[in-house]
Amino acid sequence: MPWPSRKRDKGAVADKKEPDAKIAKTEEETSDKEEEKSTKPPAGSSKSGWKNWKKTKESDSGGEDSKITYCHWLLKSEPESRLEKGVDVKFSIDDLKAQPNQTTCWDGVRNYQARNFLRSMKLGQQAFFYHSNCKEPGIVGIVKIVKEAYPDHTQFDQKDPHYDSTSRKENPKWSMV
């Protein structure tokens, strides 16, 4: 008895249905779906406003840019000791509670995307206080933004571990809330 051929018979290939060609979505179809999404509240939204969000169009007259406005933020902290340029940079929710009026500045952010988020924070918005760099990372509290973004003073202090020699007081690179 001969071994079966490894090549397919032409008839078997002809019976196989070929997939339809992929169709690219047009910009109009995509923008229509985005507008539908923006008018519907997100799944699981609550009346308390915890999961509220808003998507706004920058310009309805031909502009293609859209901007998402966030109402809640995530502030990441490191509750366990970590030395940076010889200085311990740990900060936990307990350190925040120990501050006068339980208020402090969020300084030392040296990531451009995080800096831009800090600049977008508005007075009265809420943020999750997140512990990272620990045995059990997670959200440990909810805080309120009490002052909008302003220049981070640590970028100009040469003794500070967050000093940035390229930043100028006339045009500061870094912000804090």
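Any Cβ shown, glycine's included, is placed from N, Cα and C.
Taken from TrEMBL, the feature region 'Disordered' covers 1-64 (among others).
Residues or ranges marked as compositional bias 'Basic and acidic residues' by TrEMBL: 10-39 (among others).
TrEMBL lists 55-64 (among others) with the feature compositional bias 'Basic and acidic residues'.
Residues or ranges marked as domain 'EVE' in TrEMBL: 72-177. Across the domain 'EVE' (72-177), the prediction's mean pLDDT works out to 93.
Per TrEMBL, the feature region 'Disordered' maps to 156-177 (among others). For the region 'Disordered' (156-177), same-chain residues at least 6 beyond its ends with a Cβ under 8 Å from one of its own Cβ atoms are 84-87, 89, 105-110, 115, 118-119, 121, 145, 147-150.
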